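Colleague: Encoded as structure tokens, here's the structure I'll be asking about.
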Amino acid sequence: MSFRYGKHDSRKPKVLKRRDIPSLAKYIKSERCKNVFFMIGAGISTSAGIPDFRSPKTGLYANLARLNLPHPEAVFEIGFFRRNPVPFYTLAHELYPGKFRPTLSHSFIRLIAEKGLLHTCYTQNIDTLERRAGVPEDKIIEAHGSFATQRCIDCRKPFDDALMKEHIMAKKIAKCPHCSGYVKPDIVFFGEGLPPHFINSLNSLLDADLLIIMGTSLTVHPFASLAEIPPQSCPRVLINMEPVGDIGDNPDDLLLLGQCDQIVEELCKELGWHDDLQRLWADTEGSVISDTQPEEGKEKEGAAKKDSAEDKGNVDDALAEAEARLAALVVAEKEVLGEKDTKAEENPTTSTSTVAPGVVVEEKPATTSSPSTTPSQATPEEASKKEVAEKEQKL
Ligand SMILES: [Zn+2]
């Protein structure tokens, strides 16, 4: 068996016959189960090659720490972004929708939708893999926002989707054509409110017939507290590597511990929906887009195909690549940022930057950095590291 059952409350279940996969499958196919809700987190995207944000060794936070952030979370802090958007854009480039293929678990959510059972899929992920798997957009609530839209952090005016994509793919910092403020995807940063439609939707959980929680540690609030809203009569199923929160304490809680994709397959076999699942997943095969640079696109395709959850080499490659990109971006960004900062001190409310509004920061390879800032003996790599450090000091 590719999964194990977790520790359950000793009381007899009331809705499920037993706390096992066959009973769950039977319940899903019954008349009683009409409104299925999902709560999903980073754990369902790790097999797509996207590292878990919070995992200390391979997590994105750990990787970003090496990009000379004061602390990894700073990449999602609006104050830091305002001073230095480079680390976030570096991350955005890594995560940009289309570079990773949805997993079987994502396709399972679409399958539940096709069976007419999906009410809402709450996701903490910003990778938009639910959309790419074909889950209907109106059924998805991205609790922490997504890359789907973006706006200026100063005047709040929306910024064009296609132009944003161009910038992120080309590793350029997007600036507002109206006020030259930096443009940020509508991803919820620390200290920012959750999207209003998230808050407004919470009452619907009172009608839940089944809550499936996949790949989340249930530690980030208020997202985690969604699991408390459904009535006692709603079975809560946890599909995760380990037990989380209080799932298992209600008589109809079911803990399925192991790899999300494998458990989803087991469940679909039991439901007689295994072929449907495979068909929907096959649909996602062509959804991975290549990068703007052909060689890099090839690498990325390879990376997406690899099951890199445990593949440290792959994470290291990605990190090395991200570091190289950061170094290159810092060189380019330095001039523009330096100019903006000086001007901002003179007049903080009006941008008087001589850079024309909407003009992008062109990326330059690290090797072309100015001789005045690069000691002639230093290798390009050392030089760019030094520049990062200098930049950090300035901040
Ligand atoms: Zn603006």
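Glycine is no exception: its Cβ is also placed from the backbone N, Cα and C atoms.
TrEMBL lists His144 with the feature active site, proton acceptor. Positions annotated as compositional bias 'Basic and acidic residues' by TrEMBL: 295-315, 336-346, 382-395. The compositional bias 'Low complexity' annotation in TrEMBL covers 366-381. Among the features that TrEMBL reports, domain 'Deacetylase sirtuin-type' is placed at 14-274.
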Colleague: Same chain only, sequence gap of 6 or more: which residues have a CB within under 8 Å of the CB of His144 (active site, proton acceptor)?
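Modeller: His144 (active site, proton acceptor) has long-range Cβ partners Gln124, Asn125, Ile126, Ile187, Val188, Leu194, Phe223.
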Colleague: Looking only at the domain 'Deacetylase sirtuin-type' (14-274), what is the mean pLDDT?
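Modeller: In the predicted model, the domain 'Deacetylase sirtuin-type' (14-274) has a mean pLDDT of 91.
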